[in-house]
Amino acid sequence: MEDDYRPLLSSEQTVESYSHKGSTDSLDVKAKRPFHVEPRNIVDDEPQERVTAEAAILNSRVHYYGRLTGSSDRLLSPPNHVIPRPEEIYIYSPLGTAFKVTGSDPSSKNPSIITIFAIWNTMMGTSILSIPWGIKQAGFTLGILILIFVGLLMLYCCYVVLKSPKAIPYVDTSDWEFPDVCRYYFGKFGQWSSLVFSMVSLIGAMVVYWVLMSNFLYNTGQFIYNYAHNVNMSDSQFGTNGSDRVICPYPNTDPGRNHTTTTLIFSNSGNDTSDTGSFEHWWSKTNTIPFYLIILLLPLLCFRSASFFARFTFLGTISVVYLIALVTVKAVRLGFHLEFHWIDTTQFYVPEFRLLFPQLTGVLTLAFFIHNCVITLMKSNKNQENNVRDLSVAYLLVGLTYLYVGVLIFAAFPSPPLFKDCIEPNFLDNFPSSDVMVFVARTFLLFQMITVYPLLGYLVRVQMMGQIFGNHYPSFFHVLFLNLVIVAAGVLMAKYYPNIGSIIRFSGATCGLALVFVFPALIHMISLKRQGTLRWPSALFHSFLILLGLANLLAQFFM
């Protein structure tokens, strides 16, 4: 009997015993021996009927393919038209009964609208806070054109990534991710390089989160302290007057004006100034707050599972919706302040075209970056034939959101009396800590980032430890050492260089070079060449994409 289960083309591999088929919860459709019975032949409480002749023929066909070669060889595995759909697979018992496989639930698939907003929610991150600053760096007109152009370019590269597993012949790529595709085409170099650049994007995001959490925690504490002690800061900050104040934290950035106020001095309306000085000493945005966060976040990073924090991902959607509402209200109250000067810089306005535009392209590369997880997100789409359409709609929504926030903040920034160059890399810094609506936004974002930060750390740990040690949690000390390195990077940047715009553009341009431009373009050209369909216009265009990604990274060092 044992020889009956031995593959005909292999003398060393042995098919698994039928005793392993008793588990109906986990079934590899092509590796196991499924038995198909029409639904009308399955009886719930009544004695189960013996299988029909049609089902028996199908069983013989599946066994025939299974005996041609071992289950690890996919070349001669049963083709898709022989294997029933997952919801129609049953396990055959020698007694003639059949048991339904419960591992595949078609209801777990998401409709297109859910998939679209899942991509929108995943892509919409901290970069939205830097879009107005990026438009200011590039110039209003050029910034809008670059945002549209980069969005279309990133959409095309994402489409290439999404289609890359399906272009591989004779291999089952149903459970592959983009690093697996890179390994197939480039070997170990592709696997490890894609991992390294993926780590750059994740750790860069964690560093930005640490800087922003320090900022939001500082301003939240400042608001509470000022309210409790009746501290008024309106006279010590350079900015506009009125109920909707806009401030310029560093007014000396205006090259056309000579401001005497280059530092911020707190004014107290009657309370003891020594208490204020003591509070400033222990509640500093760069000297103390980044270290306070270690006490809260380092233990959370060491959790073995991040499933608890995944329950709070909905806060990201709430935060973005509230930010859009905040921007709308501020734009309505402040009005638009625009003048078009195409080349020359004036006293209050920046030119429409500036040579600093690569800073915006670096920010947008990370703002539109979803290439390392788009395959996973699209697998849950119920209608796979609509993947390209749904991905395009998601990118359209993301681009419109960035345009809406960036254009409104830039246009509503009050010039005069403030100079447009005062727009900060985090546009919330242009509003005082006493602003109630902005206080609510900072509180929302702070709580959201506290819950998302351990998720990012979990992704870093799973990818890095899994590749190096083959285990996602090799030991507590391995995980602690990795977390200490990540936290140290965040603390150092929050203390010495808390410029999220520059951090975002460098990390975006670095990871984008490999995962957005180089690898997708090379994989596409290699795939077409193997099929014999590569033409010189396609080769020229995709080579241009590689040069564009390289130029985007190099330009960040000269800005």
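The backbone N, Cα and C atoms fix where each Cβ goes, and this holds for glycine too.
Note that the structure is predicted; figures quoted are calculated from it, not measured.
According to TrEMBL, the compositional bias 'Basic and acidic residues' annotation covers 18-31.
According to TrEMBL, the feature domain 'Amino acid transporter transmembrane' maps to 115-227 (among others).
Sequence annotations record features per position, and here TrEMBL assigns domain 'Amino acid transporter transmembrane' to 286-550 (among others).
The region 'Disordered' annotation in TrEMBL covers 1-31.
Residues annotated as transmembrane segment in TrEMBL: 113-135 (among others).
Annotation comment: TrEMBL describes 141-162 (among others) as transmembrane segment. Same-chain neighbours of the transmembrane segment (141-162): 131, 134-135, 178, 340, 342, 352-354, 357, 360-361, 364-365, 368-371, 374-375, 378, 387-388, 391-392, 395, 398-399, 402-403, 406-407, 410, 515-517, 520-521, 523-524, 545, 548, counting only residues six or more beyond its ends whose CB sits under 8 Å from a CB of the stretch.
Here the transmembrane segment (192-212) has Cβ contacts under 8 Å with residues 125-126, 129, 178-179, 182-183, 186, 290, 293, 366, 369, 372, 426, 445, 449, 452-453, 456-457, 459-460, 463-464, 467, 486-487, 489-491, 493-494, 498, 500, 503-504, 506-508, 510-511, 513-515, 519 of the same chain, all six or more residues outside its ends. The transmembrane segment annotation in TrEMBL covers 192-212 (among others).
Taken from TrEMBL, the feature transmembrane segment applies to 289-307 (among others).
Listed as Cβ neighbours of the transmembrane segment (314-336) (distance under 8 Å, sequence separation of 6 or more from its ends, same chain) are residues 117, 121, 124-125, 128, 243-244, 246, 401, 404-405, 408-409, 411-414, 431, 437-438, 440-441, 444-445, 447-448, 451-452. Positions annotated as transmembrane segment by TrEMBL: 314-336 (among others).
Distant neighbours of the transmembrane segment (356-378): 115, 118-119, 122-123, 125, 127-128, 130-131, 133-135, 137-139, 142-143, 146-147, 150-151, 154-155, 157-158, 161-162, 165, 176-179, 194, 198, 201, 204-205, 384, 387, 390-391, 395, 398-399, 402, 501-502, 504-509, 511-512, 515-516, 520, 552, 555-556, 558-559; these residues of the same chain sit at least 6 beyond its ends, with a Cβ under 8 Å from one of its Cβ atoms. The feature transmembrane segment is assigned by TrEMBL to 356-378 (among others).
Here TrEMBL flags 390-413 (among others) as transmembrane segment.
Same-chain residues lying 6 or more positions outside the transmembrane segment (436-456) and placing a CB less than 8 Å from one of its CB atoms are 202, 205-206, 209-210, 212-213, 215-217, 219-220, 223, 296-297, 300-301, 303, 306, 309-310, 312-313, 315-316, 318-319, 322-323, 326, 329-330, 428. Summarising the annotation, TrEMBL assigns transmembrane segment to 436-456 (among others).
Annotated transmembrane segment per TrEMBL: 476-497 (among others), in sequence order. Beyond the ends of the transmembrane segment (476-497), by six or more residues, the same chain brings 203, 206-207, 209-211, 214, 286-287, 289-291, 293-294, 297-298, 301-302, 457, 460-461, 464-465, 469, 503 to within a C-beta distance below 8 angstroms of the stretch.
Residues annotated as transmembrane segment in TrEMBL: 503-527 (among others).
Remote same-chain partners of the transmembrane segment (539-558), defined as residues 6 or more beyond its termini with a Cβ less than 8 Å from a stretch Cβ, comprise 153, 157, 358-359, 361-362, 365, 505-506, 509-510, 512-513, 516-518, 520-522, 524-525. What TrEMBL records for 539-558 (among others) is transmembrane segment.
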How many of the residues that make up the domain 'Amino acid transporter transmembrane' (115-227) does DSSP mark as helix, as strand and as coil?
98 helix, 0 strand, 15 coil
Long-range Cβ neighbours of the transmembrane segment (113-135) (under 8 Å; 6 or more residues past either end):
143-144, 147, 205, 208-209, 212, 313, 316-317, 320, 323, 359-360, 363-364, 366-370, 373-374, 377-378, 380-381, 390-391, 393-395, 397-398, 401-402, 405-407, 409-410, 413, 423-428, 500-501, 504-505, 508
Is the transmembrane segment (390-413) packed against any residues at least 6 beyond its ends, judged by a Cβ distance under 8 Å, and which are they?
112, 115-117, 119-120, 123-124, 127-128, 131-132, 134-136, 140, 143-144, 147-148, 151, 154-155, 158-159, 162, 246, 320, 323-324, 327-328, 330-331, 334-338, 364, 367-368, 374, 378, 381, 420, 422-423, 427, 430
